[in-house]
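**Student:** There's a structure below that I have some questions on.
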Amino acid sequence: MNRLPSSASALACSAHALNLIEKRTLDHEEMKALNREVIKYFKEHVNPGFLEYRKSVTAGGDYGAVEWQAGSLNTLVDTQGQEFIDCLGGFGIFNVGHRNPVVVSAVQNQLAKQPLHSQELLDPLRAMLAKTLAALTPGKLKYSFFCNSGTESVEAALKLAKAYQSPRGKFTFIATSGAFHGKSLGALSATAKSTFRKPFMPLLPGFRHVPFGNIEAMRTALNECKKTGDDVAAVILEPIQGEGGVILPPPGYLTAVRKLCDEFGALMILDEVQTGMGRTGKMFACEHENVQPDILCLAKALGGGVMPIGATIATEEVFSVLFDNPFLHTTTFGGNPLACAAALATINVLLEQNLPAQAEQKGDMLLDGFRQLAREYPDLVQEARGKGMLMAIEFVDNEIGYNFASEMFRQRVLVAGTLNNAKTIRIEPPLTLTIEQCELVIKAARKALAAMRVSVEEA
């Protein structure tokens, strides 16, 4: 039977939510009621699949914690008052920590003046953020398009490359196996996981995938495309594959791809949605090899964990195809004042506190600890790898990876798997994680592995 709309029900629900937003604390009964509500509404109105996923990686199979608030810069607190060290970082959102006071203050100050712009008059913060990114990014990157997410930044990059290369008769894109660039139609065409692609086939034509890190495969693909007249418009890459399982290419790979792009007249698009903003020990991962892309995609941590924002930054030569008609590709909320305020504050914090260098130092410490554990538990752990504060522990099979996430949850450390590699648990904490918290994470991982070994031996 069709359900009739109910204004009264919607009003009551929204009023209840607003009351919850105003609260700073909950008593025991309120916590229990909220947990029941959230699970019920996820099941009935969001997506029950999320509940089953959380249940599979949570101690006791209780669907896991219901988030209530950030604790410190580096922790989360659930409705039961339990505090978790965040080693997931919202999949790379919280580079400057949770509720960073500088970022929150900037957004609050802007909110008091003007949350959204008129769309017609010139908005100052968009101009200032574009100027800041032009100064911050490598090479000749100069002009920025702002949006609301990583997949949108990739969509803009693909459209920009098409607009630039179409008059030159170049329409093909080369991406890599294991890549993740988002799930909107264009970005999904570059993404390389069949689970996400098959339900939406056919995707956009003209995309090819080659093995990541294999420069000869890249050269062969570019050559074949040239011979068949399918000339390549752009190569799109992640400097390190995040969702693919934190896969690092061989040293010199990005440099070699840059040279091939120049040789074949293809643009180089670097997707730094996850690796950017200091995550790998440099402001941008491409700086480890001094590689300068034609188009750079940013999002996630750009908003400081406070506001969603993405950016597509390009050279003047490429971006100029939009000069005659700046309305060819736009978005209503992209570059809004609140998001730009958050991004400007985030960049300021990253530079003032030298967080990229901290990411390198603390990342080395964590990775050394995880590699030691891999040596101690070779029956469970296949490898620990990473760069800066983007790390992964790969287990011998999928089930062990899920069990590790569950045991870490029991130790009050939040971790999760990767979308394209189920055996791999990603470690992606805020760059503000303290040395003491790094030590606690390593201790928690050791306890988790010890408990898992006992379980295996008893089975």
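Placed from the backbone N, Cα and C atoms, the Cβ positions cover glycine too.
Keep in mind it's a predicted model, so treat the numbers as computed, not measured.
Annotations for this protein, taken from Swiss-Prot, read as follows:
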type: BINDING; residues: G150, T151, Q274, T332; note: pyridoxal 5'-phosphate binding site
type: MOD_RES; residues: K300; note: N6-(pyridoxal phosphate)lysine
**Student:** Round to the nearest Å and give the CA-to-CA distance linking the residue listed as 'N6-(pyridoxal phosphate)lysine' with T151 (pyridoxal 5'-phosphate binding site).
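**Tutor:** Cα-Cα, rounded: 10 Å.
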**Student:** Given the binding-site residues T151, Q274, T332, which one's Cβ is surrounded by the fewest other Cβ atoms within 10 Å?
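**Tutor:** It is T332 that, of the binding-site residues T151, Q274, T332, has the fewest other Cβ atoms within 10 Å.
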**Student:** Near G150 (pyridoxal 5'-phosphate binding site), which residues of its chain come within a Cβ-Cβ distance under 8 Å, counting only those 6 or more away in sequence?
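**Tutor:** Listed in sequence order: H181, G182, D271, V273, Q274, C297, A299, K300, G310.
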**Student:** Helix, strand or coil: which one is Q274 (pyridoxal 5'-phosphate binding site) in, per DSSP?
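**Tutor:** Its secondary structure by DSSP: coil.
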